């Protein structure tokens, strides 16, 4: 179990990843994997549009990097911090790679697979059950997404206006 | 909807992928993605141990290749054939990438996320619901895994025997 200070440090690192996505007009979601010795061994941010790859979610990329770093598909005693509740794919990847603890910020009422829509971490029959810590910096996680989508709508509105003005000319 | 002949061709291509895994001592699971024009645009086989990557499942690799081929994360009108029921991670990836139809052979009673343990494809709240065709060549799919694990046990037994003989000398 981490101290409040450690949790803050790791979640801030996940938010720093999300910020990289935001700066490239990707839905801002970031994740980090913390290794057994407390070092961050995997980082990832949503790159779905950038890579044109439906599997390029923050958690998947962070897990892949951590596996590479440890040269093992089993991320024993590793923990994951992510700014949004994992989707089914990412929750499955967390189970498959034996992540010990999952800390996430905002809930995802549309696709969340850690309690919102389904709860894959509590399915008894699966062979691994990560401990889940919900709601760490949840307001910050939700606000980040809210601001992003507001900005998208603002840009769309401006583009529409510009198009209308063009047609008038 | 495919003809029986087409389904046979695509599932055989998935089994050919599984065979690549088996030859490299990986649990033999294979998958292909069929594009809108009927061409196979993504192939993958389980490479978890080879790549030391918990996300390197057959379906994920086939989906990634198909996304690259179409230069799109949306695999609209694409279908997936796989020799084993997808796990939660792969079922999530199938949903995320908007695969239209999923054909699979053997059921996976331990980790299957298309009916065996959970059924992610029928979760109403998710924003995409692939059509699922179960049990195509299911005996072949199950036999492949059965033979593989029997062979693993045989090798382990031989290794144990050799070790015991060594200690006797």
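Think of each number as a place in line: the chain as shown, counted from 1.
Heads up, the Cβ atoms here are built off N, Cα and C, so glycines get one too.
Just so you know, TrEMBL annotations never went through curation; they're auto-generated.
Listed in TrEMBL:
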type	residues	note
DOMAIN	A:5-118	domain 'CMP/dCMP-type deaminase'
BINDING	A:57, A:87, A:90	Zn(2+) binding site
ACT_SITE	A:59	active site, proton donor
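Mapped onto DSSP helix, strand and coil, the domain 'CMP/dCMP-type deaminase' (A:5-118) counts 45 helix, 24 strand, 45 coil.
Note: A:87, A:90, taken in sequence order from the recorded positions A:59, A:87, A:90, have a C-beta within a distance under 8 Å of a chain B C-beta. Just so you know, the Cβ of residue A:59 (active site, proton donor) picks up 32 other Cβ atoms within 10 Å once every protein chain is counted. Looking at residue A:87 (Zn(2+) binding site) and residue A:59 (active site, proton donor), their Cα atoms lie 10 Å from each other.
Counting in whole angstrom, residue A:90 (Zn(2+) binding site) lies 6 from residue A:59 (active site, proton donor) by their C-alpha atoms. Long-range C-beta contacts of residue A:57 (Zn(2+) binding site), restricted to its own chain and to partners at least six residues apart, with a cutoff below 8 Å, comprise A:29, A:44, A:46, A:48, A:87, A:89, A:90.
Put plainly, the binding-site residues A:87, A:90 were compared by Cβ crowding within 10 Å, and the winner is A:90.
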